[in-house]
């Protein structure tokens, strides 16, 4: 497949993390366990929210969306990475690479917008609790969730199209664990300044704008909490936001570090570690954070386990 003197690649080779067999086997076992924990953890969070009517609130509606995004993001990267850890020829077809970039980039964008939506939900809960149910009604929550999914998907579609229109010539070795945006752009045999500008603009729109909204929400939340007279009231208000705030710090920190300045981007190793952080650790940690730090979720877990224990005892007798 070619045009003029240029030859265009039909597949890419992912160089991955290591060429040492023992290291790859160890990583395979580690990532497989982590992926299983991620899938099960997020599945049980969604199931718990569906089964317990006390969790049928806007906060947990958005948490359901976050869990679905986390599982989907991990699935877009980890299964292929596991396969590549066990084989020598780590090829990925052109179309599959484009699909992986679209889904991973899109789901990442959805998560950033969704975290901003969840910050607004926490802002209303703390700063205007008496009107919370009126403001955060079902219709608004649905529209906010749809906005998150649509905005992330549209940005990803645009970035994927302009990236894979670049002539890669004979460059087919991607020094990464997946078809990551910056890693693919680096393969182009033409000037990529316009792509880097597009990446920066989309990062500002889809990353920095939600981040600023989160920041503004928490400035208002902290200001309101400090005005609460009782220590117990302040503690309760803080715990309302603690889980979400922890997830925000995890998700936004490295993304801002990686994508805001493509020209002065970090080393290849740092990019790989960032991708691993998002694909492996973040989706696994999110349900744990909401389970450990959230009294309502812990209460629901205890209730569900009690019901299961009672059912088991009846069956045994």
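Positions of Cβ are set from backbone N, Cα and C atoms, glycine also.
The feature transmembrane segment, as given by TrEMBL for the ranges 174-196, 197-219, sits at 197-219. The transmembrane segment annotation in TrEMBL falls on one of the ranges 153-172, 273-292, namely 273-292. Only residues 6 or more beyond the boundaries of the transmembrane segment (61-87), in the same chain, are considered here, and those with a CB under 8 A from a CB of the stretch are 14, 16-17, 24-25, 27-28, 31-32, 34-35, 38-39, 42-43, 45-46, 49-50, 100, 103-104, 107-108, 110-111, 114-115, 117-118, 121, 141, 144-145, 148-149, 177-178, 247, 275, 278-280, 282-284, 286-287, 290. Counting Cβ pairs closer than 8 Å to the transmembrane segment (25-49), the top stretch among 99-120, 197-219, 273-292 is 273-292. Mean model confidence for the domain 'G-protein coupled receptors family 1 profile' (41-290) is a pLDDT of 86.
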